[in-house]
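Asks: Here you go, one structure.
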Amino acid sequence: MKVAALFILGCLVWGGMAKPEFPEPEKDPDFWKEWAQRTLKNALTLQDLNKNVAKNIILFLGDGMGVPTVTAARILKGQMSGQSGEETQLEMDKFPYVALSKTYNTNAQVPDSAGTATAYLCGVKANEGTVGVSAAAVRSQCNTTQGNEVTSILKWAKDAGKSVGIVTTTRVNHATPSAAYAHCVDRDWYSDGDMPTEALQSGCKDIARQLFENIPDIDVIMGGGRRNMYPRNTPDVEYPGDKKHNGTRKDGRNLVGEWIDRVKDKKSYYAWNRKDLLSLNPNNVDYLLGLFEPADLPYELERNKETDPSLTEMVDVAIKILRKNERGFYLLVEGGRIDHGHHEGKAKQALHEAVEMDRAITRAGLLTSIYDTLTVVTADHSHVFSFGGYTPRGNSIFGLAPTVSDIDQKPFTSILYGNGPGFKLVNSTRENVSTVDYGKYLQADRYLILPRSSYIWDTWNVGIFGILFFLLFYGMLCSC
């Protein structure tokens, strides 16, 4: 009786006591027939293909944004607007062309973000943990770098006279963005302070250094990673009293200062907080470096709106600067903390990151034209994240399933992870989750096959969504 009462209470609280009814028109068969006719009409218009040459390319990369995450984010977006959620459209859902991509690395069935970034940015599949090098390079072995470098689309665009930019919610020298400019056999060599002595003596460069040296005229760079740009023990401008945010460089170089000196005679701008970023006039800036945190930017739900810009705001400024080039631009945008939320078992944070990236996609669409801009949305890998449990229409995406387990008679959350840090046993049995406060949403159910300190990726195919003449992307692709 007590368990049943707790379960009912949990359903009221977490399943959504005031969850919306599904729209009344859906009860009428004509609603669905008219919807089908509209969909068919839209499909037929695609016969008049827009075969214009793309002047601009924007790649939105949702790190860890597998198909289950896309679906859950869609529902969350709708529920944030007071709808039941399932009928909602993400901006990428409106894109006319869709495909799937295989994500494996050359040496890994389940990939990581470094090897996959090399694949979709350089067109060459690579080993796990390496960026900007072919599969002939071996992780952490410096002497396998030379001769195995591969070139990215960002470099191709720059060589073609286009403006180029990188925007990320992670460090600008994290796995995804680094494959756009670096050639490194270890994704974790963020600064020279992270590299073994042998690698330094052999002449290998850290990723932060490569950001400013390999392609020195990247027009827009925005994200986190300040501490990797400054000499060891240099206090951070935002957190001067917190030593964990101090500079990490052993070579004594101030990479930010060097960048400022190099572009001082150009229309350049350095920003380390939101106020500085939003106060600039894009018409007066050609080169922008924005480093808003010592490491990664905070989750959107935890963002300090005084000091940290949103992904949408960064994309807005980036496009306004880059689009001034008559030859066009290439922009890489990463919603990188979707992945981090899943790694930590924080589904709420992960899904809100995905919704924020959807806002950024919407904003990009308003600032560009479908007639000359190829916009692509995809992911690098998925996660062992799923949701289900016979939930009714409009059930909170973070809520409990409507039934209890027929084994232990306890409730369970709709969202589940296959492994990770949220596991918990009470007297050798599964915890009664109806009493758990999911405000921070650490591990949906605490019902895991494999307990770990961090969630690990999975090998699901990921979606590719595109605008403009996108039929080059069809069926099952394996370049990612």
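Cβ atoms here come from the backbone N, Cα and C positions, even for glycine.
Per TrEMBL, the features are:
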| type | residues | note |
| --- | --- | --- |
| BINDING | ASP63, HIS174, THR176, GLU334 | Mg(2+) binding site |
| ACT_SITE | SER113 | active site, phosphoserine intermediate |
| REGION | 231-250 | region 'Disordered' |
| COMPBIAS | 240-250 | compositional bias 'Basic and acidic residues' |
Asks: With DSSP assignments reduced to helix, strand and coil, which class does HIS174 (Mg(2+) binding site) get?
Replies: coil
Asks: Mind checking how the compositional bias 'Basic and acidic residues' (240-250) divides into helix, strand and coil residues in DSSP?
Replies: 3 helix, 1 strand, 7 coil
Asks: Would you mind pulling the DSSP three-state label for GLU334 (Mg(2+) binding site)?
Replies: strand
Asks: If you count Cβ atoms within 10 Å of the Cβ of GLU334 (Mg(2+) binding site), leaving out that atom itself, what do you get?
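Replies: Total other Cβ atoms inside 10 Å, all chains included: 29.
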Asks: In which DSSP state, out of helix, strand and coil, do we find the residue listed as 'active site, phosphoserine intermediate'?
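Replies: Reduced to three states, the DSSP call for the residue listed as 'active site, phosphoserine intermediate' is helix.
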Asks: Around the Mg(2+) site formed by ASP63, HIS174, THR176, GLU334, list the extra residues of the same chain whose Cβ is within 8 Å of the site's Cβ centroid.
Replies: LEU61, SER113, ALA117, THR168, THR169, THR170, ALA175, PRO177, GLY335, GLY336, ASP339, ASP380
Asks: Which residues does the residue listed as 'active site, phosphoserine intermediate' neighbour through Cβ under 8 Å, counting only same-chain ones at least six apart?
Replies: ASP63, GLY64, HIS174, ALA175, THR176, ARG187, ASP339, ASP380, HIS381
Asks: For ASP63 (Mg(2+) binding site), what is the tally of other C-beta atoms lying within 10 angstroms of its C-beta?
Replies: 28
Asks: Have a look around THR176 (Mg(2+) binding site) and count the other CB atoms within 10 A of its CB, chains all included.
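Replies: Taking every protein chain into account, the count is 28.
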Asks: HIS174 (Mg(2+) binding site) has how many other Cβ neighbours within 10 Å of its own Cβ?
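Replies: Result for HIS174 (Mg(2+) binding site): 29 other Cβ atoms within 10 Å.
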